[in-house]
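Step one of this worksheet: look at the structure below.
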Amino acid sequence: MANSSQVTEFLLLGFSSFGELQPVLFVLFLCLYLIILSGNFTIISVIHLDHSLHTPMYFFLCVLSTSEVFYTIVILPKMLINLLSVLRTLSFMGCATQMFFFLGFAVTNCLLLGVMGYDRYTAICQPLRYPVLMNWRVCGQLAASCIVSGFLISLVGTTLVFSLPFCGPNKVNHYFCDISPVIRLACAETYINELVIFICGVLVLLVPLIFICISYGFIVHTILKIPSAEGKRKAFSTCASHLIVVIVHYGCASSVYLRPSAKYSSGKDRLVTVTYTIITPLLNPMVYSLRNKDVQLAIRKMIGKTGVTLKT
């Protein structure tokens with residue numbers, strides 16, 4: 001245990017293998033980061049300012065967008081700095097802090113997507129009871145539960161990783177302190193720690209996903225009973241955006257976290273991780289704004305109020 005204090009900092013290798021392409025990656029990721037921030041802030045502002053969007057569905061979307069903003073802030077600024085820096089170190093405590101907040105917001109997002117699936121189920125399958133089932137008190141409690149549960153699970157995962165002794169190599173083969181590349185550097189048996197982390201991953205990813213699938217099973221069954229084609233189209237359109245985000249988010253996260261760290265592949269996993277740390281937060285506001293007429297109308301109204309006119 002005396003050796004556990006030997007590693008005082010970690011070296012994030014990130015995209016160092018890309019050599020001269022790193023400045024190009026910096027410009028690309030910086031542009032994507034700015035789009036993520038502007039897109040999510042637009043969603044948050046529009047929902048806050050437009051009273052017609054003060055409904056449970058958009059409340060959860062606002063919470064999700066807020067979580068996505070902090071989720072990217074935890075990772076992307078440091079990654080951008082490292083793309084232009086020779087010194088890519090992160091202190092032991094800094095690495096633990098980054099992992100804690102990354103996992104906290106990531107798990108929160110997973111749970112929020114599950115809650116959003118339940119919201120769509122109650123709206124379509126229980127329309128008469130919807131105002132009671134999803135009143136503002138319930139919405140607040142569900143959102144708070146997602147956040148608290150997310151960070152409690154994150155605390156467990158981060159503690160299981162950083163309670164291990166790190167007494168040798170300190171090169172993290174990733175662009176941030178993720179579980180698999182960090183736990184592989186521990187100089188002790190990690191089987192029990194990894195098993196508990198894996199079980200937590202199964203609970204966080206599969207339980208909400210199964211819940212979403214069951215919800216959409218009932219939703220499809222209910223929609224098919226709607227007599228008019230226009231009614232079916234409107235019902236499906238309210239779920240399509242959520243379903244796209246769910247498929248991308250859960251698909252990428254499951255491919256990385258629902259397997260032992262021994263099968264960690266730095267190159268492949270880095271590309272998959274880019275998808276759910278950059279593409280998913282980018283996809284979220286784009287999908288909800290491009291596919292949602294209510295949000296589009298609210299954006300136009302907000303632009304109109306600022307005195308900006310768009311040429312048709």
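Every residue, even glycine, has its Cβ placed from backbone N, Cα and C.
Small disclaimer: the values here were computed from a predicted structure and weren't measured.
These features come from TrEMBL:
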- 24-46: transmembrane segment (TRANSMEM)
- 39-288: domain 'G-protein coupled receptors family 1 profile' (DOMAIN)
- 58-80: transmembrane segment (TRANSMEM)
- 100-121: transmembrane segment (TRANSMEM)
- 142-166: transmembrane segment (TRANSMEM)
- 195-224: transmembrane segment (TRANSMEM)
- 236-258: transmembrane segment (TRANSMEM)
- 270-290: transmembrane segment (TRANSMEM)
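The stretches the transmembrane segment (142-166) and the transmembrane segment (58-80) meet in space: the count of Cβ pairs below 8 angstroms, excluding pairs fewer than 6 apart in sequence, reaches at least three. Of the candidate ranges 24-46, 100-121, 270-290, 270-290 contributes the most Cβ pairs within a distance under 8 Å of the transmembrane segment (236-258). With a cut-off of 8 Å between Cβ atoms, the residues of this chain six or more beyond the transmembrane segment (270-290) that come close are 15, 29, 32-33, 35-36, 39-40, 42-43, 61, 64-65, 68-69, 71-72, 75-76, 174-176, 178, 241, 244-245, 248-249, 252-253, 255-256, 296, 299. Tertiary proximity for the transmembrane segment (24-46) is limited to same-chain residues at least six positions away from its ends with a CB under 8 Å from its CB atoms, namely 15, 18, 53, 61-62, 65-66, 68-69, 72, 76-77, 79-80, 83-84, 278, 281-282, 284-286, 288-289, 295, 298-299, 302.
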